[in-house]
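Novice: Below you will find the structure I want to go over with you.
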Amino acid sequence: MEKEQNKKTSSLNVLAIAGLQPYQKKTDEEYMNEKQMLHFKKILETWKNQLTIEINHTLLYIQDKSTNFPDPIDRAAQEEEFSLELRNRDRSRKLIKKIQETLKKIKDKDFGYCNSCAVEIGIRRLEARPTANLCIDCKTLAEIREKQMAG
């Protein structure tokens, strides 16, 4: 079920589910105009709705599969499966929160710019990860710093 959920919640798959094509920017088009904002709003709302459906599906799945196995190994396997499902559900819940924050940025007309350096994040990066809040350069630097702190 985990592979099925990851397949469904990919932001690029959400683009297809929303019935949208990758945004075709015109040469003289202003960055993050109304048309672009609407494009990303549709992507984010579709993604949020898909995640909500999957969260509800997880709850029903656990309720349906909940059996009291007499064998301790079977019980342990079931508990491990439920633990993974609940972890996925928690991850989805956190992603929904991030999507809601991003939708607020769109509403406030503050979407598409790096939180660190205020540079345009870029249409293609945002289509790949609509909740991105750092440009690729700042994200790369943040990941390098994170690796240095960990290792």
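Glycine is treated like the rest: Cβ placed from N, Cα and C.
So Swiss-Prot says this about it:
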| type | residues | note |
| --- | --- | --- |
| BINDING | Cys114, Cys117, Cys135, Cys138 | Zn(2+) binding site |
| ZN_FING | 114-138 | zinc finger |
Novice: Within 10 Å of the Cβ of Cys135 (Zn(2+) binding site), how many other Cβ atoms can be counted across all chains shown?
Specialist: 21
Novice: Within 10 Å of the Cβ of Cys138 (Zn(2+) binding site), how many other Cβ atoms can be counted across all chains shown?
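Specialist: That number is 16.
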Novice: Counting only other Cβ atoms and using a 10 Å cut-off, which of the binding-site residues Cys114, Cys117 scores lowest?
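Specialist: Across Cys114, Cys117, these binding-site residues, the one with fewest Cβ atoms within 10 Å is Cys117.
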Novice: Sort the residues of the zinc finger (114-138) into helix, strand and coil with DSSP and give the three counts.
Specialist: 9 helix, 1 strand, 15 coil
Novice: I want the residues beyond Cys114, Cys117, Cys135, Cys138 whose C-beta is within 8 angstroms of the mean position of the Zn(2+) site's C-beta atoms, in chain order.
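Specialist: Not counting the recorded site residues, we get Asn115, Ser116, Ala118, Val119, Ile121, Leu134, Ile136, Asp137, Lys139.
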